[in-house]
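Listed in Swiss-Prot for this protein:
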REGION    1-187  region 'CPSase'
BINDING   Ser50, Gly239, Gly241, Leu267, Gln270, Asn308, Gly310, Tyr311  L-glutamine binding site
DOMAIN    191-376  domain 'Glutamine amidotransferase type-1'
ACT_SITE  Cys266  active site, nucleophile
ACT_SITE  His349  active site
ACT_SITE  Glu351  active site
Amino acid sequence: MAGVKERAVLVLEDGTVYHGYAFGARGKTVGEVVFNTAQTGYQEIMTDPSYHGQIVVMTYPHQGNYGVNVYDMQSNRPWVRGFVAKEFSRVASNPRAQQTIGEFMEFYGVVGIEGIDTRALVRKIREGGVLKGTIAHASLFGAPDHAFTQEELEALRREAQAWTDIDGRDMTPEVSTPLPYAWPTLKSGRRIVVMDFGIKHAIVENLAALGFEVIVVPGKTPAHQIMALEPHGLLISNGPGDPTMPRYAHETIWKLMGLLPTFGICLGHQLLALAAGGRTFKMKFGHRGANHPVKNLQTGKIEITSQNHGYAVDIDSLKDFRPTHVNLNDGTLEGMAHARYPVFSVQYHPEAAPGPHDALYLFRRFLEEVEAFHGATGLPVEKQRADQHGI
């Protein structure tokens, strides 16, 4: 029927139902329901591999008004399981736009829902923690104006409940590059190997902008293969899922500890802590947004940061690391540095994309660590350390 908005529902695993209207690709999807407080940056959010397995609810009510373009992609496709907003724009008011958000979601098969009470949904997640949920469009049941029955809603609830949890699941093989590759750059300076657990383009772009030669390798790459590339530094990337599950990464990172200047971001921060004998825990609803205040314990300055994580490092479990940054909202650990080695990490995203650039200095700090390390030691010492580590 022309002009009729297609009905849709979001059904949570506890039976809560939110009625709204279909948007994006038509169909059904299941995932972990989380929220993001950023006002803009929906394209970067959808294409961030760290959101793999999740249905993202945007707290800012209006999304899509500036459209979508190829330049803001953070990977080669969207990774969200579903996308939720109070209202999506049908037009793209931006000269950079190449598609509307609706066209983008339809092209890539992203199922969405709009018109629900997103404030009530976010309050529920904040108070009770993240839940699994199912988005379903009415056309699956026969007609765009189909009224969902209690039996249909119960079936959708059971589907959400049965969906495989992110907890206890290694998601690296689903998002990591299958083969090593070199990132295009105009310069050829110190060589950095990036362990890819679901990296965003903006991270690699920041490394290349500093003159690094960047080689991206699969997250499962063992230590001896990384060292065979003769890197001057190591970056451990962001990514989705439970940090305790890629145990092969813990072993690799432990073997490389102290051999190379190392920078961990988000999941990479958690993997570093676990490799060093620390602990992580799942947060109630996580940190996802572009406005999280973090205190730099070394300078006393406050940084407004972009964040996207559902797990955190237990600050009391650190052994060879010292805290360098803490979250001002809940006191959780946001950064750490090794007591002896040029190894440091942050839980947030210094590259932003989307978000503020308060933490871009961390990439230059990494460059300085690399230059200082190789100026003071050189390859023979690295070879000796590698032999000691059995690499």
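Quick reminder: no glycine exception, Cβ is built from N, Cα and C everywhere.
Taking Gly239 (L-glutamine binding site) as the reference point, the active-site residues whose C-alpha atoms are within 10 Å of its C-alpha, out of Cys266, His349, Glu351, are Cys266.
Spanning the residues Ser50, Gly239, Gly241, Leu267, Gln270, Asn308, Gly310, Tyr311 that the record associates with binding L-glutamine, the maximal Cα-Cα distance equals 13 Å. All chains included, 20 other C-beta atoms sit within 10 angstroms of the C-beta of Tyr311 (L-glutamine binding site). For Gly310 (L-glutamine binding site), the count of additional Cβ atoms within 10 Å of its Cβ stands at 23 [all protein chains shown]. Neighbouring residues of the recorded L-glutamine site, listed in sequence order and excluding Ser50, Gly239, Gly241, Leu267, Gln270, Asn308, Gly310, Tyr311, comprise Asn238, Pro240, Pro243, Cys266, His309 (Cβ within 8 Å of the Cβ centroid).
Around the Cβ of Asn308 (L-glutamine binding site), 29 further Cβ atoms fall within 10 Å across all displayed protein chains. The shortest Cα-Cα distance from Gly241 (L-glutamine binding site) to any of the active-site residues (Cys266, His349, Glu351) is found for Cys266. Ranking the active-site residues Cys266, His349, Glu351 by Cα distance from Tyr311 (L-glutamine binding site) puts Cys266 first. In sequence order, Pro243, Gly264, Thr280, His309, Tyr311, Ala312, Val313, Gln347 constitute the residues six or more apart from Gln270 (L-glutamine binding site) in its chain with CB-CB distances below 8 Å.
Across the fold, the C-alpha of Cys266 (active site, nucleophile) and the C-alpha of His349 (active site) stand 7 Å from each other. The binding-site residues Gly239, Gly241 differ in how many other CB atoms lie within 10 Å of their CB, and the one with the most is Gly239.
Long-range neighbours of His349 (active site) (same chain, six or more residues apart, CB within less than 8 Å of its CB): Lys200, Asn238, Ile265, Cys266, Thr305, Ser306, Gln307, Asn308, Gly355, Ala359. Here Leu267 (L-glutamine binding site) comes close to Ser50, Phe197, Gly198, Ile236, Ser237, Asn238, Gly239, Pro240, Gly241, Pro243, His309: these same-chain residues lie at least six apart in sequence, with C-beta atoms under 8 angstroms from its C-beta.
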